[in-house]
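Encoded as structure tokens, the structure appears first; notes follow it.
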Amino acid sequence: MGLFKVIFTAVAALSAVDAAELLSSAKSKDIIPNSYLVVMKDSVSSAELDSHVSWVTGLHREGIAKRGAENLGGFKHSYKINGWHAYSGSFDSETLASILDNDKVDFVEHDRHVYISGFVTQKDAPSWGLGRVSHRMNGTRDYVYDESAGSGITFYGVDTGIDIHHPDFGGRAVWGINVVNGTKDNDRHGHGTHTAATAAGTKYGLAKKANVVAVKALNDYGAGLWSNIMKALEWCVNDAREKKILGKAVLNLSISGGKVVAANQAITNAAKAGIFVSVAAGNDNQDATNKSPASAENVCCAAATTIRDDKAKFSNYGSVVKLYAPGQGITSATPNNQTGVMSGTSMAAPHIGGVGATLMASKGIAPSAVCAELIKMASGPVLNPGANTTNKLLYNGSGK
């Protein structure tokens with residue numbers, strides 16, 4: 001196969017792709033056999049990507065005709081995000097070898113599973129996160145916030161779907177897209193509705209006047225593929241561009257999985273396009289440096305605290321964490337006009353997304369500057385934050 005331009009998925013951090021690393025080195029239970037994410041070099045144009053995909057499609061067909069190769073599906077989807085180009089597909093080893101040897105290809109990774117970063121604990125318990133992020137000191141339930149409340153900002157919830165008819169959204173939620181084959185345009189899991197309402201619900205949310213867009217990229221069990229997450233990201237950027245709301249958009253990823261460089265690059269380019277991206281650190285009580293999306297650049301990564309301002313026992317930590325936010329025992333909306341309590345860094349991330357949306361609406365801050373401003377405003381200290389981790393706690397600057 002010549003020199004392989006491939007990411008070794010166990011590597012903690014890569015500043016450049018090592019062309020000698022072997023695809024076969026990647027080992028993980030989350031890997032999808034024969035399914036790949038192919039990232040093009042920075043110099044490749046949109047037209048060149050299209051031409052390359054046509055070439056790959058031809059190779060795949062030739063393999064079936066000449067070698068009797070198994071039809072694994074071939075090309076699936078191309079990604080064009082803010083000048084970044086990639087595609088996904090399922091290929092046999094001979095076709096993959098030709099892709100790896102192509103001079104327009106930067107690197108190839110396995111497609112992998114990714115999962116939500118939250119879990120249900122109980123129903124109908126009292127909430128505390130709203131009061132906590134609007135006061136420097138612990139112990140109050142009152143939520144104090146700027147009256148703009150995210151007005152004019154659009155929140156993209158890339159998740160299990162959203163019950164857009166839930167009364168907590170007050171008619172501000174719309175369905176965007178469903179990229180998960182074999183599922184309906186709804187939220188049968190509940191995670192997506194809960195996170196969206198945490199960010200932008202009328203009763204349970206922080207940015208109470210923000211618009212909400214449902215983007216279903218995880219199945220009804222809370223699992224998904226990075227190739228679908230990337231497809232959803234591309235759609236969000238294009239939708240925001242068409243609606244002329246780049247610079248006034250927030251995107252939340254309450255998910256976690258092993259580090260995938262292609263996915264990180266897609267997320268980073270969505271942020272660079274003009275979207276504030278809040279992400280979950282993950283729930284493994286380990287350093288999030290080797291996790292995606294936590295390790296992506298230009299995102300605001302959230303770890304989770306308890307009501308006592310301790311690091312939640314499950315929460316990941318590490319240098320990629322930008323802020324802690326409430327994440328244990330968080331009450332929010334769930335499908336079919338219900339409410340529920342969930343815990344996880346999944347709940348912490350939309351707190352950051354919601355406060356970020358409010359900040360963008362009230363101060364006109366650019367998405368690229370929001371995370372730094374939130375860090376500057378933060379309270380704390382968080383107790384026992386973990387090694388090499390900030391002890392700063394999300395605060396909305398209410399003055400209380």
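Yeah, the Cβs are placed from backbone N, Cα and C, and that goes for glycine too.
As recorded in Swiss-Prot, the features of this protein are as follows:
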DOMAIN    35-116  domain 'Inhibitor I9'
DOMAIN    127-400  domain 'Peptidase S8'
CARBOHYD  Asn138  N-linked glycosylation site
CARBOHYD  Asn181  N-linked glycosylation site
CARBOHYD  Asn252  N-linked glycosylation site
CARBOHYD  Asn337  N-linked glycosylation site
CARBOHYD  Asn388  N-linked glycosylation site
CARBOHYD  Asn396  N-linked glycosylation site
SIGNAL    1-19  signal peptide
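What Swiss-Prot annotates, mapped onto the structure for a quick look.
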residue	record	DSSP class
Asn138	N-linked glycosylation site	coil
Asn181	N-linked glycosylation site	coil
Asn252	N-linked glycosylation site	strand
Asn337	N-linked glycosylation site	coil
Asn388	N-linked glycosylation site	coil
Asn396	N-linked glycosylation site	coil
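Here the candidates are the glycosylation sites Asn181, Asn252, Asn337, Asn388, Asn396, and by Cα distance the one nearest Asn138 (N-linked glycosylation site) turns out to be Asn396. Separation of the C-alpha atoms of Asn252 (N-linked glycosylation site) and Asn337 (N-linked glycosylation site): 22 Å, rounded to the nearest whole number. Between the glycosylation sites Asn252, Asn337, Asn388, Asn396, Asn252 has the most other Cβ atoms inside 10 Å of its own Cβ, all protein chains included.
In this structure, the C-alpha atom of Asn337 (N-linked glycosylation site) lies 41 angstrom from that of Asn388 (N-linked glycosylation site). Each of the glycosylation sites Asn138, Asn181 was scored by the number of other CB atoms within 10 Å of its CB, and the largest score is that of Asn138. Cα spacing between Asn181 (N-linked glycosylation site) and Asn388 (N-linked glycosylation site): 40 Å, rounded to the nearest whole number.
Between Asn396 (N-linked glycosylation site) and Asn388 (N-linked glycosylation site), the C-alpha separation comes to 24 Å.
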